[in-house]
Amino acid sequence: MTFNMASLVYSVLIIFVMAHVIQGQGLQKGFYSKTCPKVEDIVKSSVQKAFNNDVTVAPGLLRLHFHDCFVQGCDASVLISGTSTERTAFANANLRGFEVIDDAKTQLETSCPGVVSCADIVALAARDAVGLTGGPSWSVELGRRDGTVSSASDVSNLPAPTDSVAIQRKKFSDKGLTDQDLVTLVGAHTIGRTACQFVQYRLFNYTGTGNADPSISPSFLSQMQSLCPQNGDSSKRIPLDKGSENKFDVSYFKNLRDGNGVLESDQRLWSDSNTKSIVQNYAGTIRGLLGLRFDYEFPKSMVKMGEIGVKTGSQGEIRKICSQFN
């Protein structure tokens with residue numbers, strides 16, 4: 001009996017260890033402490049410099065990390081230039097922040113050549129960008145290596161503005177992320193903008209009815225129709241978070257509660273009982289109190305996302321130039 005119990009405990013420990021190895025294997029705090037101790041200072045300096053010139057680079061860097069991790073894992077495959085790479089896919093057409101990553105990489109190659117991966121730079125830059133917009137900070141475990149594959153055809157699994165909650169849930173679940181992670185990470189839309197082309201269909205002829213999406217509040221609908229006229233410029237950029245596009249806060253969740261979600265996929269989070277309860281918790285009823293909870297949950301979900309499909313050890317490579325394979 002004792003032997004069987006010992007065997008059971010041993011088996012459980014093996015399963016636990018293997019689960020940890022599969023997700024986030026090889027990542028650790030202080031990974032570059034001896035080989036490139038100033039890595040975080042250098043990346044932060046590049047992000048700060050870009051942010052000082054243009055605050056909208058912050059959501060761009062956050063989105064860059066998200067789009068990288070959801071395709072091929074967090075391996076900087078989204079940074080590769082060239083024909084038919086991830087970067088050329090329609091879903092990545094408006095990605096920004098590449099020049100910030102390149103600037104940090106150039107400095108790091110001078111300080112400690114061939115040591116720091118582009119994937120780690122992307123992860124650090126996203127964290128620093130959130131902090132500059134008033135959001136939380138967190139410790140980023142490092143040790144990612146850069147991928148050697150980048151194909152536009154792999155980008156189809158990225159969440160899309162027209163996705164139902166069921167489809168969003170499946171895409172996140174496939175990456176080991178829960179409904180809590182889904183709502184939390186989509187909360188990144190508290191900063192940044194989107195193009196009218198992803199909104200106009202909701203405003204004038206939703207599902208071919210000739211009417212607007214009924215989930216949009218009447219007052220917000222008129223505002224949106226003014227910002228994105230039916231035959232207007234589809235490339236025009238509009239805020240994702242009404243009234244608070246440059247501040248990392250919980251107003252995004254309050255907007256979903258009030259029918260003021262800009263993207264259909266975002267507003268749909270209010271129509272599913274499970275995701276709705278999470279949105280309600282973040283939106284809160286007492287100003288600031290539950291906002292702290294979003295600040296607490298967001299770093300946890302970002303850490304989980306940052307472990308998706310990472311390449312470590314002898315896998316992949318350390319690129320010399322982030323937009324090119326070695």
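Every residue gets a Cβ built from N, Cα and C, even glycine.
A TrEMBL annotation is a machine prediction, not a hand-curated record.
Sequence annotations record features per position, and here TrEMBL assigns signal peptide to 1-24.
Residue density at Arg63 (site 'Transition state stabilizer'): 21 other Cβ atoms are found within 10 A of its Cβ, drawing on all protein chains shown. Annotation source TrEMBL lists site 'Transition state stabilizer' at Arg63.
Sequence-distant neighbours of Gly73 (Ca(2+) 1 binding site): residues of the same chain at least 6 apart with a C-beta under 8 Å from its C-beta are Gly147, Ile308, Gly309, Val310, Lys311. Under the heading Ca(2+) 1 binding site, TrEMBL lists Asp68, Val71, Gly73, Asp75, Ser77, Glu86.
Look at TrEMBL and you will find Thr190, Asp241, Asp249 tagged as Ca(2+) 2 binding site.
When the alpha carbons of Asp241 (Ca(2+) 2 binding site) and Arg63 (site 'Transition state stabilizer') are compared, the span between them is 15 angstrom. Annotated pair Asp249 (Ca(2+) 2 binding site) and Ser77 (Ca(2+) 1 binding site), C-alpha to C-alpha distance, rounded: 30 Å.
Counting in whole angstrom, Val71 (Ca(2+) 1 binding site) lies 23 from Thr190 (Ca(2+) 2 binding site) by their C-alpha atoms.
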